[in-house]
Structure formats: C-alpha cells, structure tokens
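Take a look at the structure set out below.
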Amino acid sequence: MAFYVVQFLTGLASAASLFLVASGLSIIFGVTRIVNFAHGAFYMLGAYAAFTLTERLGGALGFWGGVVVAALIVAAIGVLVEMLLLRRIYHAPELFQLLATFGLTLMVEDLVVLIWGPDDLVGRRAPGFRGAIDFFGQNIPSYDLFLIVMGPLVLGILWLLFQRTRWGVLVRAATQDRDMVAALGVNQKWLFTSVFALGVFLAALGGALQIPRDAVNHAMDLRVIVEVFVVVVIGGLGSITGAFVAAVLVSELNAFGILIFPKISIILVFLVMAVVLIVRPWGLFGKPEAPARRTPGLTVNPWRPLTANERFAAIAALVIAAALPLFAGNYALTVGSEIAIFVIFAVSLHFLMSVGGLASFGHAAYFGLGAYGVALLAKMAGLPMIACLLLGPLLGLLGAAVFGFFAVQLSGVYFAMLTLAFAQIVWSIAFQWVSVTGGDNGILGVWPEKWAASPSHFYWLSLGIAALAVVILRIMVFSPFGFALRATRDSPLRSEAIGINGKRVQWTAFVIAGTVAGLAGALFAYLKGSVFPDNMGISLSVDALVMVLLGGVETVSGAVIGAVVYKALNIWLVSQTELSKLVLGAFVVLIVVAFPKGIVGTLEAFMHRRRKSSSSTSSLVTSRIETAE
Amino acid sequence: MKLAVTDLNSFYGPAHILFDIALEVGEGEVVALLGRNGAGKSTTFRSIVGLVENRSGRIMFEGKDVSREPTHAIVRSGLGYVPEERRIFTDLTVEENLEVGRQPKRPNAPQWDRDKLFQLFPNLGEMRGRPGGRMSGGEQQMLTIARTLMGNPSLVLLDEPSEGLSPKIVEQMVEAILAMKKEGVSIVVSEQNLHFARLISDRAYIIERGRICFGGTMAELDARPDVRDAHLSL
C-alpha cells in the first residue's frame, strides 16, 4: 500500500513542472492564438541556464536565486523572440506560426549543444530539500514534496493574477476578443509581449525546477512538449485549471502505467487521451470553439489541371530524370533514389495539408511504419521483395486509419499537436519495444533482391513509383473526392450543408496520405538496407513540412519541386556542417517570414502578373474570382 | 471642428467599399449617419478608428491627423467607438468589462467613473458581478456604451445603438444619449431608424453604396422627402 502512495506522490511531483509548462502554453495561446511549439525549447533553456547559474553561485540563495534568475533570463529571450519574430506572423496562417516556432526549436537544440556540450548534465540538489522522508519503509524525496506544494501554489498565484489585477482582466478580455480590446485603447503589442514573457517564464521555471530531479540534456524539449500537448488536449487549450488537472492526470497515468506496461507506459496516456477526444473534443475544461473562418491564404489563384504544354514539359522532365543512369555514377544514383523517395513522401503530406488543409506534424510516423512493415515482413516472414513492397505500406495504412480517426475529430492547431503526439508515441514504441523492433539498434540487412539491387535498377524503380504516386494523387486532387476534400478545407459548414461528410472525407484523405507515406518508407528501407526509430522521428516530419512549404504550400505541384530542391540541398548540407538543425531551423524561419509562397507559388504569382498585363479580359475574370473568394 | 473626415476610401481585399467619404462633427454635436443595411455605415466607423487596415484619406480629430495611427492610439486620444455587434466580453463581469475600457482622465473631455455610469444606466448597477454573457441584449448594449465612456472620450462613434432593442429600451437609450450630449460628449450615431435619429440628432448624413449622398440639418432633411424616400427604407 505504502508503495502505491509513494508512486502517487511521485506522480504529483512530476505534475508540477508539466503544469508550469502547459499553463504557459495555454496562456500564450489564449491571447495570441499561437501554439508555441518552441515552448519545450524554453523549458530546456530554463534548465540549462539554471544549471549554469546554480553551479556558479553557491549556497542556498545561489540555488534559489539561480533558478528564478534563469527563468527571468529565458523570459527576456522570449520577449526578443516575440518582438522580432512573432509580431511579423500574428496575421499569417496558423501553419506558418507553427512552423516558425518549430524552426526555433530546432535552432535551440543545436545552440544548446554548442554552448553546453552534448552530454547529460547533473545539477545540484536543492538546498534544504536534499534528504528523503521515510513513509512506512518507502522513501519520498523531500524535494518531491516541495514540488507537490509548488503546483497548487503557482495555480493560486496565476488565479489571483488573472482575477484580481487590471492586467489579468485585460488578458482575459483579449483572450476573447483582442480587436475589441484595442478598440478600447489598450496597446495590444505590449499586452501580447507581456503575456508571452509570462508564458515563457513559466516554461523556463518548470525546466529550472527539474534540475535537482533529472539530468539536463538536449532532448528534453521534445519529450516535454509532447507531454504538454497531451496535457492541453486533455485539459483544454486556454484553461489554466484544465492544464493543472490534466497535468496531474497524465503524470499519475505515467507513474502507474509504468507498473502495468513497463515498456510502453505511454499507451495508457494515449488511451485516456483518445477517450477524452471522443467525449469532449475540446478538452475537459476547454470550451468548444466556433469553427474558425479559414484564414485567407497567401494566393488566390484557383487550382487547375496542367495544360497540354505543361503536361508535355512534365513528361520531358521525367524522361530526362530516367536518363540519369546513362551518365551518372552510383553515388549520384543513390542520391537520386533518395530524392525520388522523398518526392513520394512530400506529395503524400501535400495531399493531406494543402489539399485537405490538415497540417500534420507527425507524418513521418506513417513513413516509418511502412519502413518497419517491410523490415518485419522481410526479416521475420521472409517474404519476397515485391510482396514486402506491396504489404509493408499497409502498416502505414493501419496506423493512419487508427490515428487519423482521432486526429480528424480536431482541426487546426489541435490537429497539429495531436499528430505530433501520435508520431512520438509510435516512435517511442519502436524505440522501447526492443524484442520486436530492435530498439535503437534498428533492424539491419533489409536488402533488395537481385533484380532491383543495382543502383540504376533501384533508381528506376523509385522513380517509377514516384511518378505513379504523383500522377495518382494529382488525379485525385481534380476528382470529385478532391473537390469534396477541398470544399471541406475551405468551408466545413457549407460543405456539410451540401451533404459532404467532412470527417469521413478527411479521414479517407488521412489514410491515403499515410499509405503513400508508408510506400515511401518501404522503398527507403530497401534503399538504406535498414530501419531505425529515427525513420519516424520528428525531424523527418519537419523535413516533409519544409519540402511542401519550400515548394509552395498553396500550389498543386509545389511538393515535387520542394522535395527535389530541399533533399538535394539537405544531403549537401549534412556533408558540410555539424549544425544541420541550426541551419535547417533558421531556414524554416526564413521561409516563413520572407518567402511564404514557396518556389512554385512565387513562380505562379510571377506568371499570373505577366498574363494579367498581357490580356485584360483574363484579369477581369480573375478579379471576379478573387472577389468571390 | 471636433472631427473632420475627408476623401476616406476603404477596401476589403480587392473590393472597394467606401468612396471619398467626407463628414464633419462640431464640438458637442450629435450627428446621425443614416443608411440602409450594407450602405457602409459600420465600415465608415471601423475605418475612422483604424480597424479597416486598407484605407486612405484624412481623419482630423481635434485638429490632428490620426489616419496613420494604430487603433489603440486613436481611441486613447479620445475618440471612443461602440461597435454594432456589442462585443461584450462574455466571461467578464459587468465591472470587469468596464475596467477594460478604463483610461486616464482627459482635460478636454467629460469624466466618467463607475458610479456615474451606474447612475446613467441603473440596470447595470444592479448586476455588477454578472458575467456579460448572461445579460439581455438591451443590457449588453448599455454595457458597451458604458464601457466606451470609461475611456473618457470627447467623441463617441455609436454604431446602430437601437438595433434589435425593444421600444422601452430604445427610450432609455435616447435618454442616455441625450445625457451624454449634455455632459459635452460629441456623438456620431449610425442608424437605419429615422425616428430614433430625429430624437437625438442635430444634423444628419445619408450614406448609400459607400458614398455620402446627403448632408444637412434634420430640418433640411425633412424638407427633402425625395432624398429620404430614395435612400432610407421606412
């Protein structure tokens, strides 16, 4: 019995930090409507900064002062981020806000390694809370008791702040209607900045308070952000009480889940989240939000199928690509295969996020499932390659069917958070279930059969499948199903009013996208001869997002161009620098701020303007279409 | 001149909504902006306080061009705005709603505080702790006006204050507006209801399809039944 009580208290102690980070995320979202993906990065920075400060400053005052000062320093960094980056993108579509803050996370991960090194750092114990308290033969660290008190204390302080101060009243008002607050003479800019500062302060404090419990390392940002997303999805985004209750719930589920499923404790949390999503999609303490009117996009050029000339150009490009083995060496062909595989992956995500309007931040999960599907079939069942290539992606399909069912219940930022959380769950299963997946060591020796083994043959195989995938998805875009999907994207209410089952359509699109991603993963397993958990990791999901973004998120063919350009650059970049995440993150932020239309989007806008000036009739037609939008 | 708008043009996306709007409001005057649904009354107000981003023209308020200022700065200089949709903060209590509107005193404008506003709108005084979301339409309308007055404005743009209210509440509204006028607040009130406008206004403009097509005193308007019938639905 005592053991369970102690386990319960441990859970409560873990909830404290989780609550701090989640409440910060919720407060920021409430006012700015931005889900700050970089919140985990601020948590991590808080921990690192506190580590350094508490090491440098001695004594009890040094420790507690160090913790608070660390959080304040990180909050100041947050203010800079808000003023320099977020202010530029408050009116940008959601996806761009998510991506920009995500890019920031990537940058921080490399910067942290650059400053503090790659090794785990073990911080000081908290003065006054070094020992443990005996509870019927079980030890409870006294620091845990401190954290247990800390959680409700912060909740109370936040409550007072929001209920009893003018600033709090303004923040609550802005959470509901920020334009009206401005129309009453309140300077929104500073309100936003101060809210962001408070949110970041809470995250950093959460990180700083963890140092006596846990080692500080450069992966803690993603671990915490995934848990925080689960917390806010359960508790309801925007509710501080919800954040507290859900943080306790999730921490307790983790604490006891470890006893029930020692290897895959995250399953329990996932099950609870699934139930909450079905019963209350907006979270336990959240409020159902009216379906947001779609943010006007960047471009208003209507999509159209390729003209005869463009079709000819596309076939010519394919023929030239197919001729590559005639003059290129083996290395170039392997790179070519990889690019072709990533074209498949990128178009699958494009189908989901550009055509379906569902920006998945965990699309790599289905890529990885396809890869693991092939590896397991080939190694365990010993199936021939063709059978593996056909059946392997079915694992991606299965994953997409299960996760997609829950994910499409939500939209916008919730969808993004949920897909990311699902992908992390799949990743941790691959990582922890060593007996089946090999864990970190992966599954090795997945080689293609003789007929496909030579680089040129494998290249042709990949290129052929890529061309097929692009054509099929493109046909779907302009099919009745594609129209229904785009109608649901543009106006869920109106499309429902004409009899489209929006959720069913989106779920189908999710499954299609997941299957095609699985196909890419299947080929990738044969290309590399092995699969690892990283094949479903977050950075791969981000790669896919960047490919679509770089090509042009609002175009039909952007993903293909984006994948070719990005993958080629990426392969070159990795060979040039150690700091690929820093460069990649900066690149993402740069695209969002300076180049949001992408390559194809910019080209289209250019052609559009030329056409406009050459013929006035067509411009009249376009302007009518634009007005109708 | 309290407020002088000239050559105001506004756009929503590529659509041109307002065309060369010009209107003037004198010190302590109540001016009606009349027009049918969709004529451009609300857009005119939203443009004046800077809530429509894509606009051009001159907006002289107390002798200063405010057309390049952000919304909150325009409002802080004493130009209050009461939106048509009321936009009460539903989660906030009556007193908290008023707190959001509170601004420092201004030397050239009448002063308001909670107690004075609860005298003007006695209903509100009886429900200080009630959340805005649990009030009737008429009570919400009074609260939005009170909330704007907390900013001690010298001029208020009132967007369709009588819309959707029962005759009894409309009567109270007339009294409240006349009381504001007596305190010295200049008012521009947009209306579809000519009867209501006549009870409170000194002068009127008529707006139709984004253009001002009449301007004059109420007596001048009454002398032109053709204008009235052409542009106002009665």
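Placement of Cβ uses the backbone N, Cα and C atoms for every residue, glycine included.
Beyond the transmembrane segment (A:6-27), the same-chain residues lying 6 or more positions past its ends with a Cβ under 8 Å from any Cβ of the stretch are 35-36, 39-40, 42-43, 135, 138-141, 143-145, 147-148, 150-151, 154-155, 158, 171, 195, 198-203, 205-207, 209-210, 213, 224, 227-228, 231-232, 235, 237-240, 242-244, 246-248, 250-252, 254-256, 259. Residues or ranges marked as transmembrane segment in TrEMBL: A:6-27 (among others).
The transmembrane segment annotation in TrEMBL covers A:63-86 (among others). Tertiary neighbourhood of the transmembrane segment (A:63-86): same-chain residues 32, 34, 38, 42, 45-46, 49-50, 52-54, 56-57, 97, 100-101, 104, 124, 126-127, 192-193, 196-201, 203-205, 207-209, 211, 589, 593, selected by CB-CB distance under 8 Å and a gap of 6+ residues from either end.
Taken from TrEMBL, the feature transmembrane segment covers A:98-117 (among others).
Annotation source TrEMBL lists transmembrane segment at A:145-162 (among others). Only residues 6 or more beyond the boundaries of the transmembrane segment (A:145-162), in the same chain, are considered here, and those with a CB under 8 A from a CB of the stretch are 9, 12-17, 19-20, 23, 27, 126, 129, 133, 168-169, 171-172, 202, 209, 213, 240-241, 244, 247-248.
Sequence-distant contacts of the transmembrane segment (A:256-279) (same chain, at least 6 residues past either end, Cβ-Cβ under 8 Å): 7, 11, 230, 233-234, 249-250, 406, 409-410, 418, 421-422, 425, 428-429, 432-433. Under the heading transmembrane segment, TrEMBL lists A:256-279 (among others).
TrEMBL lists A:312-333 (among others) with the feature transmembrane segment. Long-range contacts of the transmembrane segment (A:312-333) within the same chain: residues 306, 455-456, 458-460, 463, 467, each at least 6 residues beyond the stretch ends and with a Cβ under 8 Å from a Cβ of the stretch.
Among the features that TrEMBL reports, transmembrane segment is placed at A:340-361 (among others).
Per TrEMBL, transmembrane segment is recorded for A:381-406 (among others). Sequence-remote contacts of a segment are chain residues at least 6 beyond its ends whose Cβ falls under 8 Å from one of its Cβ atoms, and for the transmembrane segment (A:381-406) they are 274, 277-278, 365-367, 369-375, 418-419, 422, 426, 448-449, 452, 507, 510-511, 513-519, 521-523, 525-526.
Counting only same-chain residues 6+ beyond the ends of the transmembrane segment (A:413-434), those with a CB under 8 A from a CB of the stretch are 29, 35, 94-95, 98, 222, 225-226, 229-230, 232-233, 237, 263-264, 266-267, 270, 273, 277, 358-365, 368-369, 372, 399, 403, 406-407, 440, 533, 536-538, 541. Summarising the annotation, TrEMBL assigns transmembrane segment to A:413-434 (among others).
Positions annotated as transmembrane segment by TrEMBL: A:458-485 (among others).
Per TrEMBL, transmembrane segment is recorded for A:505-527 (among others). For the transmembrane segment (A:505-527), the list of distant contacts is 334, 337-338, 341-342, 344-345, 347-349, 351-352, 355-356, 358, 360, 363-364, 366-375, 385, 388-389, 392-397, 399-401, 404-405, 407-408, 446-448, 452, 458, 461-462, 465, 469, 473, 476, 481, 484-485, 488, 535: same-chain residues at least six beyond its ends, Cβ to Cβ under 8 Å.
Marked as transmembrane segment by TrEMBL: A:547-569 (among others).
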In the same chain, which residue numbers or ranges, 6 or more beyond the ends of the transmembrane segment (A:547-569), come under 8 angstroms Cβ to Cβ? 95, 99, 297-299, 303, 335, 338-339, 342-343, 345-347, 349-350, 353-354, 470, 474, 477, 588, 591-592, 597-602, 604
I need to check the long-range neighbours of the transmembrane segment (A:98-117): which residues 6 or more away from its ends have a CB within less than 8 Å of a CB in the stretch? 34-41, 44-45, 48, 51-52, 81, 85-86, 89, 216, 218-219, 221-222, 225, 359, 361, 413, 416, 539, 542, 545-546, 549, 579-582, 584-589, 592-593
Same-chain residues at least 6 beyond the ends of the transmembrane segment (A:340-361) whose Cβ lies under 8 Å from its Cβ atoms: 37, 94-95, 98, 102, 294, 367, 407-408, 411, 415-417, 419-420, 423, 459, 462-463, 465-466, 469-470, 473, 476-477, 482, 485-486, 488-490, 506, 509-510, 512-517, 519-521, 523-524, 527, 538, 541-545, 547-548, 551, 553-556, 558-560, 562-564, 566-567
